[in-house]
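Scroll down for the structure; my scribbles are underneath it.
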Amino acid sequence: MEFSVKSGSPEKQRSACIVVGVFEPRRLSPIAEQLDKISGGYISSLLRRGDLEGKPGQMLLLHQVPNILSERVLLVGCGKERELGERQYKDIIKKTISTLNETGSMEAVCFLTELHVKGRDTYWKVRQAVESTKDSLYTFNQFKSNKPETRRPLRKLVFNVPTRRELNLGEKAIAHGLSIASGVKASKDLGNMPPNVANPAYLASQARRLADDYETVTTKIIGEEEMKKLGMTSYLAVGQGSHNESMMSIMEYKGHPDPAAKPIVLIGKGLTFDSGGISIKPSEGMDEMKYDMCGAASVFGAMKALAKLNLPLNVVGVLAGCENMPSSNSYRPGDILTTMSGQTVEVLNTDAEGRLVLCDALTYVERYEPECVVDVATLTGACVVALGHHISGLISNHNPLAHELINASEQSGDRAWRLPMAEEYNEQLSSPFADMGNIGGKAAGTITAGCFLSRFAKKYHWAHIDSAGTAWVSGANKGSTGRPVSLLVQFLLNRSGQENEE
């Protein structure tokens with residue numbers, strides 16, 4: 001699909017469709033007023049008859065409006081003008097795209113990017129419109145024998161910006177939005193793949209393909225034999241019940257003018273299926289445990305977006321892939337594992353496996369002497385209890401890094417909330433037989449999981465994002481969300497100084 005920006009008055013647009021906003025109660029936006037004036041009051045007369053109230057998401061498609069060059073005009077309900085916020089704006093864009101796609105408008109000029117959204121500029125509105133459009137059009141039907149096809153799909157979308165001075169900003173927003181949307185799609189595709197396809201070897205193949213596609217990326221795969229030599233006993237223990245080999249995929253992106261510049265490291269938990277192991281999960285909803293690799297999927301998506309953007313950074317992306325299955329070879333509650341760091345862990349629950357994989361990955365990346373490390377994991381059900389399905393959890397040992405990530409989450413709309421990591425929580429991890437247990441009881445489960453990981457991240461600035469509540473949705477529209485790719489890429493854009501430069 002093709003995106004572009006232009007600056008011009010609506011009456012001069014010759015397109016299949018012009019998209020303009022209508023506010024409650026039946027009040028035309030400034031652009032819609034211009035069209036109404038040219039049409040001799042045709043649009044306002046329809047509103048007076050009650051054809052459209054202006055409620056958020058309402059749509060009214062008009063054909064052959066008098067004196068308008070375009071074939072159609074789509075009126076989009078935007079709610080009350082002063083209450084148009086970020087979430088409502090993105091929802092309106094998605095509904096608009098669905099309507100255009102269903103009605104056979106193969107091209108459109110969209111004036112919704114001129115609407116006032118509280119606290120947001122043209123760059124944000126155009127970029128979010130691109131990301132929301134791609135999100136709205138996303139499908140995952142690789143395994144369906146009959147694939148539905150849109151007869152006349154939307155192929156070209158032009159966003160109008162208020163002034164010619166903002167054209168460069170709009171083009172930058174489109175470039176950023178397309179790169180991020182590409183990363184989100186890659187993350188969604190990985191997450192939605194069934195676990196009989198997307199095993200650790202499949203993750204590794206995707207990492208290799210990224211290196212084939214971009215000369216700035218090199219990929220290395222660490223299998224079980226090398227893990228044994230490295231002393232990654234904890235990581236290996238989690239996967240030893242599965243016939244699928246554990247594999248850690250390491251993608252190195254070098255875009256910094258100084259190749260020796262310290263890298264930012266992103267680590268993703270890649271449990272391609274998590275049965276819980278010997279501490280087996282309930283059968284209801286277990287199919288969704290294919291999404292336990294969404295942390296790795298989001299890191300992969302962020303690396304793809306990074307390569308597309310060609311940012312002047314050095315970044316290492318780690319996909320910590322393995323599978324947690326019950327068998328006679330599985331690790332057990334009561335086992336004591338010696339981690340790569342030398343610290344010992346008593347296994348109290350084999351379903352708290354993500355931290356046992358991540359702890360060795362966190363130790364492994366010390367060799368890069370990183371500028372900072374961010375790990376992403378669908379780690380705890382406790383995070384869903386604490387924050388629900390809208391906001392990811394964030395824990396960090398470095399205040400400035402935490403603030404950077406929270407700021408990036410607000411900028412991108414992919415929100416995170418910082419949780420405390422006070423010393424007292426560490427007491428819940430104590431074990432009479434090892435340096436620590438792998439769980440800290442029912443209370444503050446997200447925080448104690450973060451405290452566990454922090455013990456392996458003492459040599460660098462570190463943050464942990466728990467996306468257990470945000471990485472996928474359940475129900476009729478079940479599927480991966482691609483989060484927190486947008487947050488991660490915004491963080492990298494900010495680090496590179498290219499967040500919204502004109």
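We count from 1, first residue shown onward.
Cβ coordinates are placed from backbone N, Cα and C, and glycine is handled just like the others.
Some features that Swiss-Prot has for this protein:
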ACT_SITE  Lys281  active site
ACT_SITE  Arg355  active site
BINDING   Lys269, Asp274, Asp292, Glu353  Mn(2+) 2 binding site
BINDING   Asp274, Asp351, Glu353  Mn(2+) 1 binding site
Neighbourhood of Asp351 (Mn(2+) 1 binding site) by C-beta distance under 8 A, where only residues 6 or more apart in the same chain count: Asp274, Gly276, Gly277, Ser279, Ile280, Lys281, Asn324
For Lys269 (Mn(2+) 2 binding site), the number of neighbouring Cβ atoms whose distance to its own Cβ is within 10 Å equals 31
Give me the sequence-ordered set of same-chain residues, not including Asp274, Asp351, Glu353, with a C-beta within 8 angstroms of the centroid of the Mn(2+) 1 site's C-beta atoms. Val238, Leu271, Ser275, Gly276, Gly277, Ser279, Lys281, Asp292, Asn324, Thr350, Ala352, Gly354
Looking at Cβ-Cβ distances, which residues of the chain lie under 8 angstroms from Glu353 (Mn(2+) 2 binding site) while being 6 or more apart from it? Val238, Leu271, Asp274, Gly277, Asn324
Around the recorded Mn(2+) 2 site (Lys269, Asp274, Asp292, Glu353), other residues with Cβ within 8 Å of the Cβ centre, ordered by sequence, are Val238, Gly270, Leu271, Met289, Met293, Asn324, Gly354, Val357, Ala377, Thr378
Within 10 Å of the Cβ of Asp274 (Mn(2+) 2 binding site), how many other Cβ atoms are there? 26
So, three-state DSSP: helix, strand or coil for Arg355 (active site)? helix
According to DSSP, does Asp292 (Mn(2+) 2 binding site) fall in a helix, a strand, or coil? helix
Looking at the active-site residues Lys281, Arg355, which one has the fewest other Cβ atoms within 10 Å of its own Cβ? Lys281
Cβ distance under 8 Å to Asp292 (Mn(2+) 2 binding site), same chain, sequence separation 6 or more: which residues? Lys269, Leu271, Thr272, Phe273, Asp274, Gly354, Thr378
